[in-house]
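Chemist: Let me give you the structure first, and then I'll get to my questions.
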Amino acid sequence: RFIAKPCALSLGIQDSGAHRAQPNAILEKVFTSITKSPDAKRLEGLAKQLDWDVRKIQRWFRHRRNQDKPTTLRKFCESMWRFTFYLSIFFYGIRFLWTAPWFWDTRQCWYNYPFQPLTSRLYYYYILELAFYWSLMFSQFTDIKRKDFLIMFVHHLATIGLITFSYMNNMVRVGTLVLCLHDASDFLLEAAKLANYAKYQRVCDAFFMLFGVVFIVTRLGIYPFWILNTTLFESWEIIGPYPSWWLFNGLLLTLQVLHIIWSYLIIRTASKALVRGKVSKDDRSDVESSSEEEEGTANSTKGVLSTSSNGSNRLNGHVAPGQWTGE
């Protein structure tokens, strides 16, 4: 409200919604009670009842659907908040872990376990991350609805479960590695969204491509060969099997499955971008489900590039001059 909104306005992002549909009690009742996208038979019936042209009714329903979509300003503010947090917590984590012995030797995560001291810096790092993911768990029901809502819900559950479980079992050393690794790419995605909303398409595409590279390297390379290696094998070797070992690694493996799904979507988006010359749609996440409705065959040939990350033209929802979310 006090930082993101003024920034958005200074970049020329207006707080204006879509064209509002003409008030009509009959069509409004159909829209709210029956269907938001009537079929041909219902359209013909409404046309006879109102003495309207079928195309006029189609246009009314399109406008009515669009007016419920979030504005670009709202999406910009949401992405800027997340960008600020991800960037800040990532640098805090890197600064903290740089002097931690387990950052350079993962076997240090298990020596003298579970009698390892919990320092104040480690404690605050953990609590900040846990608080943020709890906020995402609740805010996803009020934030802009994304295509990957269910996947993100599972991700938040697994993340909160891992943070809480590892804290209770004093597995915080390896937990900090997991947290820092995940924060490494998230702020790049939000940066791409911000550029997309501001219609800096080249910047948006550059950030998205960088995000894709960092995401795939960290989630498909470093995560399994560094994190999972120490939790599955080094821990077994140093402290032996323990009852919670199965649950802990089960949650970590769940995250890896999600990483593979997202990496596939990112690669597919990037390949389309290479063919078209720009990022055209974020298959990974934030293309809002509400924004996927097309305006009809008359507009079907328009560019569909939104933004790269989280918004109306993004990769996780970014809208750019080249429209990459969809209108």
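Cβ atoms are placed via backbone N, Cα and C, with glycine included.
Reproduced below are the annotations present in TrEMBL:
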- 29-72: DNA-binding region (DNA_BIND)
- 297-315: compositional bias 'Polar residues' (COMPBIAS)
- 27-71: domain 'Homeobox' (DOMAIN)
- 74-275: domain 'TLC' (DOMAIN)
- 282-327: region 'Disordered' (REGION)
- 83-103: transmembrane segment (TRANSMEM)
- 123-142: transmembrane segment (TRANSMEM)
- 149-168: transmembrane segment (TRANSMEM)
- 207-226: transmembrane segment (TRANSMEM)
- 246-267: transmembrane segment (TRANSMEM)
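Show me how these features fit into the structure around them.
Modeler: Model confidence over the DNA-binding region (29-72) is summarised by a mean pLDDT of 82.
Note on the transmembrane segment (83-103): residues 109, 121-122, 125, 128-129, 132, 173-174, 176-177, 179-180, 183-184, 186-187, 190-191, 193-194 of its chain, located 6 or more positions outside it, place their CB under 8 angstroms from a CB of the stretch.
Counting residues 6+ beyond its ends, the transmembrane segment (149-168) has Cβ neighbours under 8 Å at 126, 129-130, 133-134, 136-137, 140, 174-175, 178-179, 182, 244, 247-248, 251-252, 254-255, 258, 261-262, 285, 289 in the same chain.
Residues 151, 154-155, 158-159, 161-162, 165-166, 169, 171, 178, 211-212, 215-216, 219-220, 223-224, 227-228, 231-232, 283-285 of the same chain, all 6+ positions outside the transmembrane segment (246-267), place their C-beta atoms under 8 angstroms from a C-beta of that stretch.
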